[in-house]
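Asks: Right, I'll just put the structure down here and ask away after.
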Amino acid sequence: MHCYLLSVFLTLDLAAVALSLSTCSTLDMDQFMRKRIEAIRGQILSKLKLTSPPDEYPEPEEVPPEVISIYNSTRDLLQEKANHRAATCERERSDEEYYAKEVYKIDMQPFYPENAIPPSYYSLYFRIVRFDVSAMEKNASNLVKAEFRVFRLQNSKARVSEQRIELYQVLKSKELSSPGQRYIDSKVVKTRAEGEWLSFDVTEAVHEWLHHRDRNLGFKISLHCPCCTFVPSNNYIIPNKSEEPEARFAGIDDYTYSSGDVKALKSNRKKYSGKTPHLLLMLLPSYRLESQQPSRRKKRALDAAYCFRNVQDNCCLRPLYIDFKRDLGWKWIHEPKGYHANFCAGACPYLWSSDTQHSRVLSLYNTINPEASASPCCVSQDLEPLTILYYIGKTPKIEQLSNMIVKSCKCS
């Protein structure tokens with residue numbers, strides 16, 4: 001009886017070794033590509049909060065230059081970030097996530113002196129918020145993350161219940177009334193609801209300011225479509241009807257709430273003193289960086305530099321170019337016409353040895369439960385965003401879609 005049980009165990013053991021060499025599914029490139037294309041279709045619609053592609057209208061003969069400018073600057077920023085990472089060999093993200101960070105709070109610079117009335121260039125359609133981060137310049141290379149936080153006040157008199165506000169990085173421009181800008185993020189807010197904090201990731205903008213002081217021109221808060229009226233609940237646009245921001249922000253719209261009364265202005269400032277717009281900077285202390293031991297040799301990156309020049313059946317990055325018109329049947333995305341989405345595929349074999357008991361247990365589990373395989377899968381590791389310029393009706397819109405471009409893979 002004991003010999004029989006031993007024989008069964010060895011048979012299962014050897015079978016498990018063979019099974020453990022497989023990935024989550026059979027390597028069928030055509031199938032992987034079809035699934036990736038359909039996943040991208042769903043991703044784009046989901047990230048834009050659309051249930052179906054917008055109705056198609058004839059594209060305008062010429063896109064407004066200011067729209068093209070925003071698209072180009074946002075696209076170029078993403079490319080600069082990618083180039084910077086490749087050129088400087090940045091610290092591994094695992095180090096940044098592991099070590100404790102020091103947090104610094106930097107309040108917004110006041111618009112005007114304590115007893116003064118705002119200047120005449122105060123705009124009804126946008127707000128400019130500035131910060132002095134010069135004190136942090138000596139620690140610029142240690143910046144891990146920066147968040148812009150602003151408190152939305154309840155506006156019970158708001159004419160609309162919802163508005164989509166957008167945050168831009170202000171760029172150099174000849175005209176103060178019409179600054180250049182780079183899109184960062186957007187949020188839909190309920191204007192009449194109880195006040196709340198809104199947070200935006202502004203790491204890249206602050207990183208740029210710390211290295212180039214002259215580029216620190218602040219942030220711009222504006223509506224999604226100041227030249228029209230945008231209805232977030234159904235993505236409907238009313239053209240040629242300018243919309244004013246109904247969302248109010250502590251420390252920014254104090255003058256609006258005080259109706260020009262200096263006494264009321266002081267009262268509002270005191271009331272919301274703890275809710276001033278501010279930056280939260282998270283830095284990795286220098287002494288923690290200096291105390292790190294020299295890192296061990298890193299694993300070979302399963303990225304384009306390696307995978308595209310080596311024929312691999314194992315887990316690797318696979319090239320895939322998506323043409324929006326050809327592959328998705330879409331004409332509503334104006335720029336780009338397509339992009340290199342890529343995908344991960346290939347086997348993830350276990351490293352088998354007599355002392356790897358963990359692998360032995362996983363393999364036996366894989367044999368007993370084939371439908372719930374514990375084998376590692378080939379998945380994406382590094383992803384980059386994609387900027388698109390598209391139309392809803394005749395209105396151009398620019399969006400940055402996160403995690404759309406696969407840059408490297410791993411077994412997990």
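The first residue you see is number 1, and the count goes up from there.
The backbone N, Cα and C atoms fix where each Cβ goes, and this holds for glycine too.
So Swiss-Prot lists these for the protein:
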DISULFID  C307-C316  disulfide bond
DISULFID  C315-C378  disulfide bond
DISULFID  C344-C409  disulfide bond
DISULFID  C348-C411  disulfide bond
CARBOHYD  N72  N-linked glycosylation site
CARBOHYD  N139  N-linked glycosylation site
CARBOHYD  N240  N-linked glycosylation site
SIGNAL    1-20  signal peptide
Asks: Would you mind checking how many other C-beta atoms are within 10 angstroms of the C-beta on C307 (disulfide bond)?
Replies: 22
Asks: For the disulfide-bonded residues listed here, C344, C378, which shows the highest count of neighbouring CB atoms within 10 A?
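Replies: Buried the deepest by this measure is C378.
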Asks: Could you state the whole-number distance in Å separating the C-alpha atoms of C378 (disulfide bond) and C409 (disulfide bond)?
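Replies: Counting only the Cα atoms, the answer is 7 Å.
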Asks: Given the recorded positions N139, C307, C315, which lie close to C348 (disulfide bond), meaning Cα to Cα within 10 A?
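Replies: Among N139, C307, C315, the ones whose Cα sits within 10 Å of that of C348 (disulfide bond) are C315.
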Asks: Between C307 (disulfide bond) and C315 (disulfide bond), how many Å separate their Cα atoms?
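Replies: That separation, Cα to Cα, works out to 9 Å.
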Asks: If you draw a 10 Å sphere on the Cβ of C315 (disulfide bond), how many other Cβ atoms land inside?
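Replies: Result for C315 (disulfide bond): 24 neighbouring Cβ atoms inside 10 Å.
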Asks: For the C-alpha pair, I'd like the distance in angstrom between N139 (N-linked glycosylation site) and N72 (N-linked glycosylation site), rounded off.
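Replies: A Cα-Cα distance of 30 Å.
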Asks: Should any of the recorded positions N72, C315, C316 have a Cα within 10 Å of the Cα of C409 (disulfide bond), which are they?
Replies: C315, C316
Asks: Starting from the Cα of C411 (disulfide bond), work out which of the recorded positions (N72, C315, C316) are within 10 Å.
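Replies: Among N72, C315, C316, the ones whose Cα sits within 10 Å of that of C411 (disulfide bond) are C315, C316.
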Asks: Suppose we draw a 10 Å sphere around the Cβ of C409 (disulfide bond). How many other Cβ atoms does it contain, all chains included?
Replies: 25
Asks: How many whole Å apart are the CA atoms of C316 (disulfide bond) and N72 (N-linked glycosylation site)?
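Replies: Given the Cα positions, C316 (disulfide bond) is 31 Å from N72 (N-linked glycosylation site).
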Asks: Compute the C-alpha separation of N72 (N-linked glycosylation site) from C344 (disulfide bond), stating it in Å without decimals.
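Replies: Rounded to the nearest whole number, the Cα-Cα distance is 29 Å.
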Asks: Give the number of CB atoms, excluding that of C316 (disulfide bond) itself, located within 10 Å of its CB.
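Replies: Step by step: centre on the Cβ of C316 (disulfide bond), count other Cβ atoms within 10 Å, giving 21.
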